[in-house]
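S.K.: After the structure tokens below, expect a handful of questions from me.
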Amino acid sequence: MQASEQHRSSNMYYQPLQQIEAYCLPQYRAINQQLYYHDGGRGTHFPTPGSSGIYCTLESSSVSGSITLYNSPSTVSFSPNGSPTSQQDSQSYPPDQYHSPENAYGSPMSGSCITDDLSSFKHKLKELESVMLGPDSDNLDSYDSAISNGNNFVSLEMDSWRQTMVAISSKNLKHILIACAKAIADSDLLMAQWLMDELRQIVSVSGDPIQRLGAYMLEGLVARLAASGSSIYRSLRCKEPESAELLSYMHILYEVCPYFKFGYMSANGAIAEAMKDEDSVHIIDFQIGQGSQWITLIQAFAARPGGPPHIRITGIDDSTSAYARGGGLHIVGRRLSKLAEHFKVPFEFHAAAISGCNVQLHNLGVRPGEALAVNFAFMLHHMPDESVSTQNHRDRLLRLVRSLSPKVVTLVEQESNTNTAAFFPRFLETLDYYTAMFESIDVTLPREHKERINVEQHCLARDLVNIIACEGVERVERHELLGKWRSRFAMAGFTPYPLSSLVNGTIKKLLENYSDRYRLEERDGALYLGWMNRDLVASCAWK
């Protein structure tokens, strides 16, 4: 009996989707006649198409010629070998409240237009490099020893130079990226420009994980130095592919990496556990996206002993999801309604086409007699906090939800610290986080695969540029570690809601379809999904 119950409960959170795709999932454009296939424990793989295509933004090596990246004061393009070059762009952006030529805090710079000062500077650096790395390095060691006795600061500077020269000589991309970011943080523009020239020779959107990540981080550095971060971020939004293609890329990322499935399954498990005895359930999803999270939960409620409850979902929209699905929230409501009808689950959908920052109590459609669940999945980090706005929507939303007395509130967020960090430590954190992310993608998708390049460009690169190049209200990617989220929830009056051990077991079963380098860990009532030794996503519940 107990084994039977556990089996049924496990199925509540993870069931095959083939039978219901016709009711709920959008029809994705086939990738080379086949979207994906599974290969045992190696995860989800995609066939490599034989043809190449032109990309809208960051460019791959499959396109001949040099393709302009973004229309910004300083743009990066990719030459035939896949590495970026910088060039001046004669086009301009219309002024807005955040960024205009009058508000620019630095003049546009171009890596292909080297000034006399920079040429002279680079010549001196080459001379220094030959001294430091050449046959006379012993003399340099003696010199280092002498100055260390009299001036430790100079010695440290010389040591930093030596490390940078060694990194360039050995093409240590990670070290050069860090040195370039440090130069920008220190306003050492000549050094930054020189290092950018070196980086352009070794980054590639079709290379190994650090080369691909380096291409996008270099774009962020160029944008920051040229004071065009907001322009490039807006340009990325304007130059998105057709909505059906973007939805296809989002679906690929959903399939090849377990991060979203992990978050949705853990949240659904907490909601199903909290609502197991309820007859009327209202779920408020603060970023419903395509509605994919609720497919398995509707199935789970349909299989509940004693019959399903009446389910009402309030979906709050976001502009990216609206663009990807090619229309308003009625599309999501229609899909979920067809699914619920198929499984004979009483269902209502309430659309709230409004930004999270603007949500007020009357937008949520709360009714008496309903058991309330609230879902914050990969959403709250977009809300500005007290460091950005006196309105502090991040904490305001939590207080608003607490006033509704929900039975359970679920939180899923990237485990990264980029909210209030200054530029250089934020760069280091972003480099470390996305190195793990890109390495995990590399295990599943071939490096030369067109769809992999598109997935990284359209689903990840925009966030990277925003984190690195933008500040103030323009920087909307503001992640916090779970410890900080705990403080915010506690201050709003919430207490932890323990996750069911069945959820842990179900997610472990899910991870068997992926690389064994993913790890699942339960700490202090929360679940963490990581890649090797780096936590990437955290999930927890509150009441």
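FYI, residue positions are counted from 1 along the chain as it appears here.
Heads up, the Cβ atoms here are built off N, Cα and C, so glycines get one too.
Whatever TrEMBL says is automated annotation, not expert-curated.
Worth saying up front: this structure is predicted, and the values here are computed from it rather than measured.
According to TrEMBL:
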type	residues	note
COMPBIAS	83-98	compositional bias 'Low complexity'
REGION	75-106	region 'Disordered'
REGION	171-231	region 'Leucine repeat I (LRI)'
REGION	250-315	region 'VHIID'
REGION	331-363	region 'Leucine repeat II (LRII)'
REGION	469-543	region 'SAW'
MOTIF	281-285	motif 'VHIID'
S.K.: Between the stretches 171-231, 250-315, 331-363, which one has more Cβ pairs under 8 Å with the region 'SAW' (469-543) than any other?
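M.R.: Top-ranked stretch among 171-231, 250-315, 331-363: 250-315.
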S.K.: May I ask for the residues of the chain that lie six or more residues beyond the motif 'VHIID' (281-285) and have a Cβ under 8 Å from a Cβ within it?
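M.R.: Cβ under 8 Å, 6 or more out: 271, 275, 293-294, 301, 309-316, 364, 366-367, 370-375, 377, 401.
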S.K.: Note the mean pLDDT of the motif 'VHIID' (281-285), expressed as a whole number.
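M.R.: On average, pLDDT over the motif 'VHIID' (281-285) sits at 97.
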